[in-house]
Amino acid sequence: MGNCVKSPLRNLSRKMRQEEKTSYMAVQTSEDGLADGGELHGPLMMLAQNCAVMHNLLGPACIFLRKGFAENRQPDRSLRPEEIEELREAFREFDKDKDGYINCRDLGNCMRTMGYMPTEMELIELSQQINMNLGGHVDFDDFVELMGPKLLAETADMIGVKELRDAFREFDTNGDGEISTSELREAMRKLLGHQVGHRDIEEIIRDVDLNGDGRVDFEEFVRMMSR
């Protein structure tokens, strides 16, 4: 897991480090996923268990890793139906005009949505491959050809789009497709068992709010989770 914390969040991270052990033990020992400050269940419980150091989540610097599957993965096998569906769901998320294609610019974000964290060099190589061979656009079959081997090799260490989407819905309590400051504050209260200050929440949102609207959409959430 990455442990680098962006500077606007350093002070908050320091405070959270002091309480991470207590917060994590509360999550681990609660049978129904309740923390002191409120209800914690489902995707939020999964996030908490996969990121014991809570300041990494707020960093935002946590790459969430699935545990326990590496021994069962066989890179030379075919994709399973559920893995094809995961690819399809990720592809749909970034096929914004619903024409059956995504462009090379969106491919990096799409890969991050799947939990695969490409290096800058990998993205350059993929971009060159797409522009030269695929006309700058990728249909679903091309996407499977590009991402299938990566999914087979990396899925043991990744959190997928379904888990990210489920976690996003837990934060987005009113279902409007964006996380507001109040929604993020409430999610952090549930995760940590105490209230996070308004200024700290605003700093978190400013750090990941790419379009400057003061809210976090799903694409920004994916970036937040993958830094």
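Placement of Cβ uses the backbone N, Cα and C atoms for every residue, glycine included.
Here is what Swiss-Prot records for this protein:
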type	residues	note
BINDING	Asp172, Asn174, Asp176, Glu178, Glu183	Ca(2+) 2 binding site
BINDING	Asp209, Asn211, Asp213, Arg215, Glu220	Ca(2+) 3 binding site
DOMAIN	82-117	domain 'EF-hand 1'
DOMAIN	136-153	domain 'EF-hand 2'
DOMAIN	159-194	domain 'EF-hand 3'
DOMAIN	196-227	domain 'EF-hand 4'
LIPID	Gly2	N-myristoyl glycine
LIPID	Cys4	S-palmitoyl cysteine
MOD_RES	Ser180	phosphoserine
Among Asp209, Asn211, Asp213, Arg215, Glu220, which are recorded as binding-site residues, the nearest neighbour of Glu183 (Ca(2+) 2 binding site) by Cα: Arg215
Rounded Cα separation (Å) that holds between Glu220 (Ca(2+) 3 binding site) and Asn174 (Ca(2+) 2 binding site): 18
Shortest C-alpha distance to the residue listed as 'phosphoserine' - which of the binding-site residues Asp209, Asp213, Arg215: Arg215
Sequence-distant neighbours of Asp213 (Ca(2+) 3 binding site) in its chain (C-beta under 8 A, six or more apart): Glu178
CB-centroid shell, 8 A cutoff, Ca(2+) 3 site Asp209, Asn211, Asp213, Arg215, Glu220, site residues removed: Glu178, Ile205, Val208, Leu210, Gly212, Gly214, Val216, Asp217
Secondary structure content, the domain 'EF-hand 1' (82-117) (per DSSP, counts of residues): 23 helix, 3 strand, 10 coil
Candidates 136-153, 159-194, 196-227; stretch with most C-beta pairs under 8 Å toward the domain 'EF-hand 1' (82-117): 136-153
For Glu178 (Ca(2+) 2 binding site): DSSP state (helix, strand, coil): strand
Those residues of the chain, 6+ apart, with a Cβ under 8 Å from that of Asn211 (Ca(2+) 3 binding site): Asp217, Glu220
For the domain 'EF-hand 2' (136-153), residues assigned helix / strand / coil by DSSP: 14 helix, 3 strand, 1 coil
Asp209 (Ca(2+) 3 binding site), number of other Cβ atoms within 10 Å: 17
Cα distance (Å, whole number) from Arg215 (Ca(2+) 3 binding site) to Asn174 (Ca(2+) 2 binding site): 13
Near-site residues: Ca(2+) 2, ref Asp172, Asn174, Asp176, Glu178, Glu183, CB cutoff 8 A to centroid: Phe171, Thr173, Gly175, Gly177, Ile179, Ser180, Arg215
Cα-to-Cα gap, Asp176 (Ca(2+) 2 binding site) vs Arg215 (Ca(2+) 3 binding site), nearest whole Å: 11
